[in-house]
Every structure is written in structure tokens, then in C-alpha cells.
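Novice: The structure's right below; bear with me while I get my questions together.
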2 protein chains.
Amino acid sequence: MDQTCDVVVLGAGSTGENVADIVVRGGLSAVLVEPELVGGECSYWACMPSKALLRGTEVLAEARSVDGAAQAVTGEQDVAATLARRSSFTSHWDDSGQVEWVAGAGIDLLRGTGRLDGERTVVVTAEDGTRTRLTARHAVAVCTGSQSATPPIDGLGDVDSWGPREATSATAVPARLLVLGGGYVGCELATAWQALGSQVTVLQRGDRLLPRLEPQAGNAVAESLRKAGVDVRLGTEVTAARRDGTEVVLTTGDGEEFRGEEVLVATGRAARTSDIGAETVGLEPGEYLSVDATLQAEGRPWLYGVGDVNGRSQLTHMGKYQARQAGAAIVARARGERVGTGSWSPFVATADDVAVPSVVFTDPQVASVGRTAAEAEEAGLPHRVVEYPLGSVAGASLFADGYEGTAIAVVDTEREVLLGMTFVGPAVAELLHAATIAVVGEVPIARLWHAVPAYPTISEIWLRLLETYRG
Amino acid sequence: MDQTCDVVVLGAGSTGENVADIVVRGGLSAVLVEPELVGGECSYWACMPSKALLRGTEVLAEARSVDGAAQAVTGEQDVAATLARRSSFTSHWDDSGQVEWVAGAGIDLLRGTGRLDGERTVVVTAEDGTRTRLTARHAVAVCTGSQSATPPIDGLGDVDSWGPREATSATAVPARLLVLGGGYVGCELATAWQALGSQVTVLQRGDRLLPRLEPQAGNAVAESLRKAGVDVRLGTEVTAARRDGTEVVLTTGDGEEFRGEEVLVATGRAARTSDIGAETVGLEPGEYLSVDATLQAEGRPWLYGVGDVNGRSQLTHMGKYQARQAGAAIVARARGERVGTGSWSPFVATADDVAVPSVVFTDPQVASVGRTAAEAEEAGLPHRVVEYPLGSVAGASLFADGYEGTAIAVVDTEREVLLGMTFVGPAVAELLHAATIAVVGEVPIARLWHAVPAYPTISEIWLRLLETYRG
């Protein structure tokens with residue numbers, strides 16, 4: 001069967017859905033190709049279930065930290081109810097709601113595995129073997145995302161390990177859980193399962209958790225995980241894995257052994273490009289797609305790589321952002337309109353370079369955007385780092401007895417604008433967007449001085465940081 | 001006793017403390033005059049104790065709204081512990097900590113009632129009758145604040161009513177509490193005391209609560225107060241008050257009676273200028289001080305009116321902001337430096353006019369900044385209002401089952417910048433500063449489009465609002 005449309009979108013995760021939606025709103029036709037659940041990782045095996053697993057633990061910790069309220073928390077978290085709530089947030093891994101949305105948005109959905117077959121062409125193979133050859137008049141957008149990468153550890157491929165998928169969808173609490181990797185996935189899921197009753201061990205090769213963020217973040221999370229009973233091992237290189245009955249056994253170079261019922265491998269991501277026919281258009285299977293600021297593949301103006309698959313910033317919200325920008329570019333180019341490619345134009349993903357926000361939903365939370373001190377240093381930007389304890393702000397003391405946290409601002413001392421901000425502390429997730437707007441808006445420090453934080457909120461930290469910067 | 005210094009500051013609330021601190025940091029000497037507790041209303045009888053009274057209720061409501069966590073909340077809030085926590089936030093109405101801070105900041109403190117006695121002169125009368133005549137070389141800053149105003153209701157002066165002071169410092173829960181006035185003070189304290197066991201009745205003359213804010217705010221708070229068991233009466237004009245044994249009885253024009261053990265009068269504020277010697281410098285006692293953008297009194301370059309006392313924006317954080325701006329102006333003028341008075345200069349309180357943030361700590365919270373739709377309309381600004389339900393954002397659903405709220409953006413359609421924003425919903429307080437920075441920074445909508453909210457946070461509402469605005 002052959003079919004022609006304006007845009008073919010490979011992958012119906014949140015990124016692909018958004019590309020398809022935007023080009024259809026722009027008057028083009030789109031076919032969305034997906035072999036698994038419509039909605040993708042984020043909806044079923046990442047953001048949504050992990051945050052649902054964590055929320056109960058978070059809110060109970062908050063209630064227990066307010067004298068007067070704490071006395072009302074006399075019971076324990078109902079683990080079965082939390083797992084059920086988690087499952088309801090994934091719609092019990094049923095995508096009919098999203099399928100309905102896709103149809104309502106005027107997007108054609110084609111179930112099956114899509115593979116490029118030369119320029120502007122995608123062949124989709126359905127589960128029953130039916131093949132459809134799609135030809136795109138304007139563009140093919142590859143939004144196949146990323147998958148958990150397996151590190152080269154002897155035997156790891158044979159122990160039936162968990163990836164983030166299994167760790168977010170598990171329906172029983174493993175008595176002991178080994179977590180390989182101390183990035184945000186490992187830290188969040190260690191927090192979640194320890195609180196739900198597992199005895200968790202985190203094995204991190206590097207010397208700190210959350211290595212890409214300000215060091216204060218990983219240090220605070222390590223301390224808190226340890227207080228919660230997690231065995232956090234830094235500088236620990238696992239070299240071998242094996243099954244021993246119902247146990248998984250990990251061994252380090254030093255011969256130390258760690259045992260658990262399950263092992264979660266969360267050591268990084270890999271591009272999902274090994275089975276998309278990359279070779280038919282001269283690209284290397286398994287590699288991230290190299291794209292320009294409009295997410296267009298280099299040398300192939302009909303091809304776009306949007307979301308995790310291009311390796312620019314692997315976060316759901318950044319994939320959706322890229323989808324909005326790429327979608328606008330595809331529509332404009334189809335209309336023969338000029339596509340401005342300067343910074344912050346409506347067609348480019350400038351934020352990928354200077355303002356990627358992220359929140360790690362651990363206890364404490366870590367919310368950050370823009371450059372860390374180390375990144376500013378590396379980029380050779382003239383900068384000053386200002387740090388201030390969050391707990392000294394009235395709003396934080398009211399929020400929780402003994403509130404502890406920190407805020408770290410990186411200021412460009414030449415342009416006098418904010419380059420980056422990191423908040424570490426309970427419930428800092430919603431503080432972040434203010435920093436994102438300040439960084440993206442390049443709001444001068446002298447003007448930020450007039451942005452008064454309401455008293456008594458935790459946001460008053462902005463005043464303290466600015467006062468400290470002014471000296 | 002006579003004393004000369006650079007700057008005399010009348011009133012040691014947070015505004016006066018900040019003026020004194022800034023001029024001392026600028027190399028001037030300052031005498032801070034205060035007849036009551038150093039720290040002022042906010043520390044002892046307003047922001048701090050009211051928020052402490054509310055926090056336990058808030059966090060328990062949050063815990064109860066997350067299935068899995070809710071099952072752990074099997075007890076009740078410990079009211080005695082909550083009252084004790086409140087008292088600890090006021091340092092048990094002991095100001096020695098703040099006195100120590102004042103001394104450490106190099107500020108002279110003079111206890112007593114200060115009254116102007118002609119230009120640059122303040123006479124301070126201590127409790128023991130000792131009088132000190134202070135002469136200010138550069139400036140007298142009046143930071144005496146405001147006090148609860150008593151409305152002209154027959155008999156109200158004789159029923160021993162509560163003001164915000166009594167309502168925030170009470171050590172026992174009144175069985176029934178009448179609240180006169182449905183502004184933010186009335187709404188917050190009705191929320192607090194109803195949750196702590198009182199049967200509260202709110203009597204509001206106008207047709208909605210929180211009348212200065214977007215109507216959705218007052219409507220949502222009224223609905224929630226009613227659900228909590230508060231008797232909310234709108235369009236109710238109380239005309240008489242009397243005591244009947246231990247009861248206070250309020251009567252409306254229609255003859256309807258309301259009874260309670262206490263009545264909180266929260267119908268508005270009045271300038272604290274009736275006993276400051278205003279008449280000795282040609283000003284009218286009891287009136288708000290009329291000041292320019294640097295907070296300097298008109299026609300009296302040596303006199304400043306900072307904080308509530310000038311009636312510009314009666315909020316702790318705005319008083320402190322004015323203190324920073326006025327303090328900078330006083331120091332610059334003392335040095336003979338130029339004081340730029342253009343918008344957003346370091347010496348003027350421009351935010352007073354366009355970006356006053358406020359948070360009402362009710363359930364739902366109401367966080368707002370800048371102009372409401374009605375204010376934009378009244379100012380004749382070309383604008384569009386965009387509203388979006390907060391509960392439809394994934395971060396809100398994760399935060400609480402059945403999360404309900406709304407966000408209302410007012411956009412200047414000519415300049416394409418944000419004029420105002422209102423969030424109504426649980427835990428929206430920390431969402432506000434993003435809007436404050438957007439309004440103050442005059443960040444173009446086209447640039448805000450690149451400020452990506454992290455997924456899944458409640459801040460994702462920004463994306464929904466921008467998408468809706470773009471259509």
C-alpha cells in the first residue's frame with residue numbers, strides 16, 4: 001500500500017505528537033508512525049509514573065516537617081494505593097486516550113515500525129506484516145527518542161535487569177534494589193523505591209551523584225538518600241553481573257559484591273536510530289542525528305531530528321519545545337516563507353544552548369536552568385557565582401521546620417544578566433520558571449532588582465541573591 | 001537631651017529597619033525610633049503568625065489529596081502545637097533577636113514615641129518620660145506604617161473587637177468567630193481559625209471576596225471557605241454591634257443578627273500618622289504621606305514616607321522594596337550624587353505602579369502581580385485576557401488528586417508583553433515570581449515562548465497560556 005502526505009512523523013511520543021499537531025494546525029497533513037504506545041516513554045515509563053511514585057513520599061515528608069500537622073500523620077503511606085495511583089497516571093499503559101487525541105487533532109496514526117527507505121520515504125511494517133510505503137511531500141521528522149543504554153559490564157545482558165521502564169512500572173516492591181548509576185533517573189527511582197519499602201543500594205562510578213549539576217545538588221541528595229537508609233556508593237566501578245538464584249549479584253573491580261532481587265540500569269541513554277533505516281539515507285544507525293538550530297538534518301533538508309534522538313537535551317519538555325520550533329519551520333518552509341535562523345527566532349531551539357531547565361524530583365529537589373559555574377568557566381564567560389542558604393528565608397522556615405537548601409546563581413559580570421540558577425531544597429520545582437524567564441529574557445540584574453518577591457514566600461531567595469551580588 | 005545624626009527613621013518595622021540598614025551601609029549614621037516591638041506588624045502580628053497558623057492546615061490538605069499518602073493522615077492537626085509553632089515564629093513577641101540585628105548593623109535604636117517637631121527634627125519620648133531631640137542632617141524617614149481601621153458601625157468601638165493583631169496572636173480558639181471584611185486579611189484568618197476549630201462567619205459588604213483581585217479568586221475562596229464550613233455572607237452591611245454577655249452581636253440593616261465570641265475587624269487600613277507631629281511640618285495628621293517616586297515627601301526634600309504610611313502598596317515586601325529605593329536615594333543625595341528618577345532607576349519604586357506581587361494564603365491560594373483585566377481596561381491599555389485551568393496541567397494532577405485552579409494572564413496587545421498574571425489554586429505562591437520577572441522585565445511574548453517550563457511542574461501552565469494566546 002502506498003500513501004502520500006505532507007509530513008511523516010516517526011515516533012508518537014510527546015515530541016512526535018507535538019510535531020504532528022503543529023504541522024496539521026499549519027494546514028499540512030501528517031502521518032504519525034508508532035510501533036508501541038502512543039504517548040511514548042514520558043507518559044508510560046518515565047516522567048509521569050516516576051513522579052507519581054514520588055509524590056506521596058514527598059507530601060508526607062512535608063507534613064511531618066510542620067509541627068502541629070506532623071501529629072496528624074500517624075499512619076504509613078499505603079504502598080498499594082501509591083502503586084495504583086501511579087498506574088492510573090499511565091492510564092494502565094493503555095493509549096486509547098492519546099489515540100483519541102491524535103484523531104481529534106486531525107493526525108493520521110499508523111501503527112507499526114517505520115523505517116526510512118531513501119529520501120522522503122518511510123516504510124511502515126505493522127505487527128501483522130502489512131507494509132505501507134509513505135512518501136512525504138515536505139518532511140520526515142524522526143522523533144524516535146532514546147532508550148536506556150546498557151554499559152559494557154560483563155554478564156549484565158544476561159541478568160534480566162530493570163531499565164527505567166521496569167522500574168517505573170513495577171507492581172511489587174523488590175526487597176532489595178540495586179541501582180546502577182547516580183544520574184537523575186537513578187536518584188529519583190532510588191528515592192521512590194526506598195520510601196516504598198525497598199532496601200536500595202546506589203552504585204555510582206563517579207565521585208558524586210548528579211554529576212552534571214552543581215556539586216551541592218549531588219551532595220545534598222546523597223546525604224538525604226543515606227539518611228533514608230539507602231546505601232550510596234560513590235567511585236564504585238561495577239565490572240561484572242550474574243544471577244544467583246533469585247538474586248542479582250554485582251561485583252566491583254575490588255571484588256566487593258552487592259546483592260539484590262533486581263538491578264536497575266540507569267547509566268545513560270542511547271539514540272533510538274539503530275532500526276530506522278538510517279543507512280538508506282546515508283546516516284549511521286545507532287548514532288544521534290546531527291541537526292541544525294531548526295532541527296533540520298545536515299545536508300538533508302527534508303529530514304528533521306526532533307527530541308531525544310538528536311541528543312541536544314534529552315528531556316520531555318525540551319523535546320516538546322523542539323517540536324514546536326521544528327513544526328513551525330516545516331510549515332513555513334512548506335509555504336515558501338522565510339525561516340529566520342537567528343537566536344530566539346520562532347523557528348530555532350535557542351533554549352537548547354543556554355536555558356535548559358530540569359527538575360530532579362528527589363528529596364531535596366534539584367531545579368536548575370542555564371549554565372552551572374563549571375559550564376560558565378568552561379565557556380570562558382566572565383562570571384560570578386552567588387550562593388545563599390534557602391533555609392534562612394522566612395518562607396522556607398514557614399514551609400518546613402528545619403528547612404535546608406541552597407540557591408546558586410551564576411551571573412554574567414559583563415552583560416550583567418543571569419547565566420544559570422540552581423535551587424536545591426524541598427519543593428523548589430516551581431521556583432525554577434522565574435529563573436528560566438530571567439535567563440531566556442536576558443533581564444538585566446538592575447531590572448531584576450525591581451522584581452519584588454512576595455513575602456513570605458521561598459522566592460524571597462531572589463532578593464537575598466541580588467543583595468549578595470551587589471555586596 | 002539633644003542628638004544629631006544623618007538620618008532619623010521613625011518606626012522599626014521591616015520598612016524602617018531596611019531604610020536604616022541601607023543608609024548605614026551607605027556610610028551615614030541612623031537613629032531608629034520605635035515605641036513598640038522592633039520588627040513591626042509583619043513579624044509579630046501579621047505575615048509571620050498568620051502564615052504559621054495556616055501552614056499546618058495547608059500541608060495536611062495537600063497530603064489528604066494524594067491517594068496513598070492520604071491513608072497516613074489518620075489523626076488531626078494538633079492545635080496547641082500549631083499555636084505554639086505560631087508563637088515561636090513571633091519569637092514569643094520578644095524582639096531581642098531583632099534588637100541584636102539592629103545593633104550589629106550599626107544602627108542606633110531609640111525606644112520611645114517619635115514625633116516630628118519642625119523640619120529635620122524629631123522629639124522622642126521614652127516610656128519613662130525622657131525626651132530626646134533628634135536632628136537629622138539629611139533626612140527623616142517616616143516608616144510608621146498603618147493600622148487596622150475601624151469602620152463607622154454603631155457600637156463597634158465598645159465591643160472589644162479583635163484587629164489583625166489579636167486574631168494572629170490569640171492563644172485560644174474562639175468557638176465562634178465573626179469576621180468583618182472579606183479582603184485578604186479576613187479571608188486568611190477565616191481560613192486559619194475555621195481549620196483550627198472555630199465556627200467562622202465572614203461578613204462582606206461587597207458582592208465578592210478579595211474585591212481588588214480577579215473575580216475568579218474571590219469566587220474560588222468563597223466556595224472553598226463554604227466547603228470548610230464557614231458561613232460566607234456577601235452583600236451584607238453590618239450596621240450595629242453590641243455585647244450580650246460573652247457574645248458579640250452584629251446586626252445588619254435588614255435586622256439579621258450574627259453572634260460570636262469574638263469579632264475580627266478587617267475592613268481596611270489607616271495611615272499611622274495621627275500622632276507623629278505631622279502638623280508641625282504642615283501636614284495633616286491621620287492622612288497618608290504624599291510622596292514622589294523616590295518616596296520623598298512633596299515640597300519637603302528632607303522628609304521621606306516609606307512603606308504602608310504612604311498608601312502606595314501596603315505589603316511588607318513592597319515596604320522593604322521602597323526602603324531599598326528610598327535608602328539609595330537618601331545616600332546618593334547626601335553624597336551630592338545625581339538621583340535618576342526615570343522608570344526603573346535604582347532610586348525609584350517603579351514596581352509600585354506596575355508590578356505589585358501579592359499572595360493570599362487561603363485555600364486555594366491566590367497569587368497575583370501587575371494589572372487585573374479590570375485595571376488594564378480602566379487604564380485604557382490595549383489588552384487581551386487569557387485564562388487556562390491549572391488542573392489540566394500534568395504537574396497539577398500529580399500534585400493533588402482533583403487539583404482545581406486557574407491562571408489568568410493579561411497581555412498588552414500593542415507592546416506584546418505581560419501586564420498581569422493571577423494564579424488561583426493550591427500551592428501557587430511560588431509560581432508567582434516568574435510572572436513578576438516577566439512583567440518587570442517587560443520580556444516580549446515572543447521571547448517568553450522560549451522559556452520552557454520543566455515537565456511535569458505546575459509551571460507548565462505558562463506553555464498553555466502562551467499557546468492559547470497565539471491561538
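Placed from the backbone N, Cα and C atoms, the Cβ positions cover glycine too.
Annotation source TrEMBL lists FAD binding site at A:K51, A:G114, A:T144, A:G145, A:S146, A:D308. Under the heading NAD(+) binding site, TrEMBL lists A:G181, A:G182, A:G183, A:Y184, A:V185, A:G186, A:C187, A:E188, A:G268. According to TrEMBL, the feature disulfide bond maps to A:C42-A:C47. Here TrEMBL flags A:6-322 as domain 'FAD/NAD(P)-binding'. Residues or ranges marked as domain 'Pyridine nucleotide-disulphide oxidoreductase dimerisation' by TrEMBL: A:356-462.
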Novice: Measure from the Cα of A:T144 (FAD binding site) to the Cα of every one of the recorded positions A:C42, A:G183, A:V185, then give the nearest.
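Specialist: That would be A:C42, nearest by Cα distance.
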Novice: For the domain 'Pyridine nucleotide-disulphide oxidoreductase dimerisation' (A:356-462), jot down how many residues DSSP puts in helix, in strand and in coil.
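Specialist: Residue counts in helix, strand and coil order: 36 helix, 33 strand, 38 coil.
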Novice: Look up A:G181 (NAD(+) binding site) in the DSSP assignment and report helix, strand or coil.
Specialist: coil
Novice: Grab the pLDDT values for the domain 'FAD/NAD(P)-binding' (A:6-322) and give me their mean, rounded.
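Specialist: Residues in the domain 'FAD/NAD(P)-binding' (A:6-322) carry a mean pLDDT of 97 in this prediction.
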Novice: So which of the recorded positions is most packed in, judged by how many other Cβ atoms lie within 10 Å of its Cβ, out of A:C42, A:C47, A:V185, A:C187?
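Specialist: Its Cβ has the most other Cβ atoms within 10 Å: A:C187.
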Novice: Could you tell me which of these binding-site residues, A:G114, A:G145, A:G181, A:G268, has the fewest other Cβ atoms within 10 Å of its Cβ?
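Specialist: Result for the binding-site residues A:G114, A:G145, A:G181, A:G268: minimum number of other Cβ atoms within 10 Å at A:G268.
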Novice: When you average the Cβ positions of A:G181, A:G182, A:G183, A:Y184, A:V185, A:G186, A:C187, A:E188, A:G268 for the NAD(+) site, which other residues in that chain have a Cβ within 8 Å of that mean position?
Specialist: A:V179, A:L189, A:L209, A:L210, A:A266, A:T267
Novice: By CA distance, which of the recorded positions (A:C42, A:C47, A:V185, A:C187) lies nearest to A:G145 (FAD binding site)?
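Specialist: Nearest candidate: A:C42.
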Novice: Measuring CA to CA, name the entry from the recorded positions A:C42, A:V185, A:C187 that ends up nearest A:D308 (FAD binding site).
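Specialist: That would be A:C42, nearest by Cα distance.
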Novice: What binding-site residues from A:T144, A:S146, A:G181, A:G183, A:V185, A:C187 have a chain B Cβ less than 8 Å from their own Cβ?
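Specialist: Near chain B - Cβ to Cβ under 8 Å - we find none.
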Novice: Going along the chain, which residues six or more apart from A:K51 (FAD binding site) have their CB under 8 A from its CB?
Specialist: A:F89, A:F361
Novice: Report the nearest neighbour of A:C187 (NAD(+) binding site) in space among the recorded positions A:C42, A:C47, A:G114, A:S146, comparing Cα positions.
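Specialist: When the Cα distances are compared, A:C47 comes out closest.
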Novice: Hey, of A:C42, A:C47, A:G181, which of those recorded positions are within 10 Å of A:S146 (FAD binding site), Cα to Cα?
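Specialist: Those close enough: none at all.
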Novice: Given a separation of at least six residues and a C-beta threshold under 8 Å, show me what packs close to A:G183 (NAD(+) binding site) in the same chain.
Specialist: A:L209, A:L210, A:P211, A:R212, A:A266, A:T267, A:G268
